[in-house]
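There's a structure below that I have some questions on.
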Amino acid sequence: MQQLNPSEISEIIKGRIDNLDVSSQARNEGTVVSVSDGIVRIHGLADVMYGEMIEFPGGVYGMALNLEQDSVGAVILGAYDTLAEGMSAKCTGRILEVPVGKELLGRVVDALGNPIDGKGPLGNTQTDAVEKVAPGVIWRKSVDQPVQTGYKSVDAMIPVGRGQRELIIGDRQIGKTAMAIDAIINQKNSGIFCVYVAVGQKRSTVANIVRKLEETGALANTIVVVASASESAALQFLAPYAGCTMGEFFRDRGEDALIVYDDLSKQAVAYRQISLLLRRPPGREAYPGDVFYLHSRLLERASRVSEEYVEKFTNGAVTGKTGSLTALPIIETQAGDVSAFVPTNVISITDGQIFLESAMFNSGIRPAVNAGVSVSRVGGAAQTKIIKKLSGGIRTALAQYRELAAFAQFASDLDEATRKQLEHGQRVTELMKQKQYAPMSIADMALSLYAAERGFLIDVEVSKIGSFEQALIAFFNRDHAELMAKINVKGDFNDEIDAGLKAGIEKFKATQTW
């Protein structure tokens, strides 16, 4: 019997392999290896893109987020109870898109743009990619037009401009959403379209917000995007991007839009959940390493774009108009800790923050804006002229009052100047209080600020400041309607308006009707 030589066998095998004619072909169909917690691992998808839609049997879709050497990790968008190991998975060659357009105004949709308000299907909408690159520096324009929130404390001290990103930050149940909703209500007649993105909120809370927007007539101007607390982490992670794409539709066509993200803390938690399930390495507070990029790529899309950008985007259909998308992201802190990971990230990305304080809220100062810590980095250039002129001393008065009030608790005998500063500060603090769902016009705000700035409140009791302000505004809107209309339209401050306001307030104070 002839003995086989191992080296000969290996040579024969090598020769056979070399002569084998196999054309390498990329496969765009794979097999589901595992399904758990909304995460699917797929083997055999050779040419899948990051963020690509993957189709499963039964019309279920997923999104590829982990591209590994031997498998692909994808999140399922929606229910995944029909999926099982061994099922096929196909590449679609498309990234996720959502409906955009004016047909969405007045509607409530989910994170994928499907209507959930029972008003029937959407009209003829076009679709656009959820993930888009923000406009470059060359295409941007500086912020120089205001977004009136209707809050005295914000518009006077922390003004917001069109194309700005202004963070609203504070503990839970402190009025963050109330402030954002009032800002949306105030845009009813301003020509600014609004998008409200609810992430991880209770459905009952969102239903109340939608009802309030409908009652005030602001819903017709607003798109509501909802990824409630009962929905998957994938949809909560995607909702802000979907809302941003809907807002960009207006910006890119030379319109102005305002978007509220309520809130990005819950989006970060949803993204952390997805990342940990995908077995990505955790970092600080168990968040993944790219949680900064999660928010920066979203908030950089809020911008003011130039006439050239709009003209190029619309192929010359719209000329001579700038577009803007203003963002009001909301972040929830734990016990006022603004130095936590996500709050510090978003503070560094945005153009300023409105800090709401629990102690002020509990002492009855609502909105509970802490003027000392709050700042608007670019809004000053966009502030209405009359508000800018009259609000100069307001922030100083409040800062001095807070400092002196703490000092005055220990000192028994105060000098005249200190006592006057304290009294003025008390009245300004009282004047900054405002009821929910009652945004003010520019003229009403200017009138209140003028009364405080020119010392007309000094002889009014602190407890009666609120009723004095209401009666004063009612008096001016009745007897000086022409002056108020002029302020609302032009927003200028000159000697004529100064004299008109002064004479009107003196006449009102003589009546003693508050």
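Placement of Cβ uses the backbone N, Cα and C atoms for every residue, glycine included.
Pasting the feature list from Swiss-Prot:
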- Gly170, Asp171, Arg172, Gln173, Ile174, Gly175, Lys176, Thr177: ATP binding site (BINDING)
- Ser374: site 'Required for activity' (SITE)
For Ile174 (ATP binding site), which residues in the same chain are close in space, meaning a Cβ under 8 Å from its Cβ, but six or more apart along the sequence?
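Sequence-distant Cβ neighbours: Leu356, Glu357, Ser358, Phe361, Ala368.
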Would you say which of the recorded positions Gln173, Thr177, Ser374 has the most Cβ atoms within 10 Å of its own Cβ?
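That would be Ser374, with the highest Cβ count within 10 Å.
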Give the distance between the Cα atoms of Thr177 (ATP binding site) and Ser374 (site 'Required for activity'), rounded to the nearest whole Å.
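Between the Cα atoms of Thr177 (ATP binding site) and Ser374 (site 'Required for activity'), the distance comes to 17 Å.
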With H, G and I counted as helix, E and B as strand and the rest as coil, say where DSSP puts Lys176 (ATP binding site).
helix
In this structure, which of the binding-site residues Arg172, Lys176 has the fewest other Cβ atoms within 10 Å of its Cβ?
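Checked Arg172, Lys176; of these binding-site residues, fewest Cβ neighbours within 10 Å: Arg172.
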If I take the alpha carbons of Gln173 (ATP binding site) and Ser374 (site 'Required for activity'), what is the distance between them in whole Å?
19
Compile a sequence-ordered list of residues in the same chain as Asp171 (ATP binding site), six or more apart from it, whose Cβ lies below 8 A from its Cβ; state 'none' when nothing qualifies.
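The answer is Glu332, Thr333, Gln334, Ala335, Gly336, Leu356, Ser358.
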Take the C-alpha atoms of Ser374 (site 'Required for activity') and Gly170 (ATP binding site) and report the distance between them in angstrom, rounded.
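Ser374 (site 'Required for activity') to Gly170 (ATP binding site), Cα-Cα distance: 11 Å.
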A 10 Å Cβ contact count, applied to the binding-site residues Gly170, Gly175: which residue has the minimum?
Gly175
Starting from the Cβ centroid of Gly170, Asp171, Arg172, Gln173, Ile174, Gly175, Lys176, Thr177, the recorded ATP site, name every other residue in that chain with its Cβ within 8 Å, sequence order please.
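Checked against the 8 Å cutoff, the neighbours are Glu332, Leu356, Phe361.
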